[in-house]
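Working notes for the structure below.
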Amino acid sequence: MNALTAVKANTDDLAQRHTGFTLAPSAQSPRLLALTFTADTTKQFLHQVAQWPVQALEYKSFLRFKIGKILDDLCGNQLQPLLIKTLLNRAQGALLISAEGIDDVAQAEEMVKLATAVAHLIGRSNYDAMSGQYYARFVVKNVDNSDSYLRQPHRVMELHNDGTYVEEVTDYVLMMKIDEQNMEGGNSLLLHLDDWEHLESFFTHPLARRVMRWAAPPSKNVSHDVWHPVFDVDQQGRPVMRYIDQFVQPKDFEEGVWLSELSDALETSQNILSVPVPVGKFLLINNLFWLHGRDRFTPHPDLRRELMRQRGYFAYAASHYQTHQ
């Protein structure tokens, strides 16, 4: 572990009695907290937001904040400050969130509403060019012919940050499980940057801050390249990353070899967390210092997993990238 942040649970938040939800360290790491909305909170929230279908949230963006306020009010206005504090805390920065009573694909619209409410208590979800909305839903099946590893089930999707090929700052990533059938394997993989054994050697390398070209495949619906380094710093000078192996375009031998070594060093880390995410639950992580990926699935002809993602910016004091945004 690096000296940047020790793994130390925020005992004040964990010991506090919360209204409408429970909070505890996850089974995988004290950096990852498990937040669960009570059955009563879930029931009241869904009742109060039933008047707005997801289409209304798509068309009227202010409603996303409205339903966030409804959820926070049901939690005694304790939810929003806790979410912000946790996600901005370098020693944590990650939550596994669930709601009692939401656990079936038939509740897909309710899942989108809940995730939207939570995300818009911390900031705003960016436009997703792949879907044309502020969120994207996509399916992983046993056979895939797409142009990236996003939907390919029988290989590991390597650790990466989101937002590497867009201009918008991507502070957070939300990943929700909507459906799962005939599934074995496929856990989410997480690595906190400060737990990466090779951070210092790569962050101090001459290529760490070199501006590189990033280009997305056609399925992402992004027509122009962006330019930024792999590493940057936050407002306190701590390392942050914007990296994905599929979309970085090394210009020469030196960059290509270094990026290959970087990829190998990430994938062989002994501190990668393997996190099962059941239907109805979602991960919410700080994208600046957490990398995420997905383990491989066991093949099955009727394999199906549906996911929903949102990614966006913090609307409150945050450690944005200092350069090359």
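Yeah, the Cβs are placed from backbone N, Cα and C, and that goes for glycine too.
Neighbour list (His160 (Fe cation binding site), Cβ cut-off 8 Å, at least 6 residues apart, same chain): Tyr243, Ile244, Asp245, Gln246, Leu291, His292, Gly293. For His160, Asp162, His292, the entry in Swiss-Prot reads Fe cation binding site.
In sequence order, Thr170, Val173, Ile244, Asn287, His292, Arg309, Arg311 make up the list of same-chain residues 6 or more apart from Asp162 (Fe cation binding site) whose Cβ falls under 8 Å from its Cβ.
Sequence-ordered, the extra residues of this chain that approach the Fe cation site, with Cβ no more than 8 Å from the Cβ center of His160, Asp162, His292, are Leu159, Asn161, Val173, Ile244, Asn287, Leu291, Gly293.
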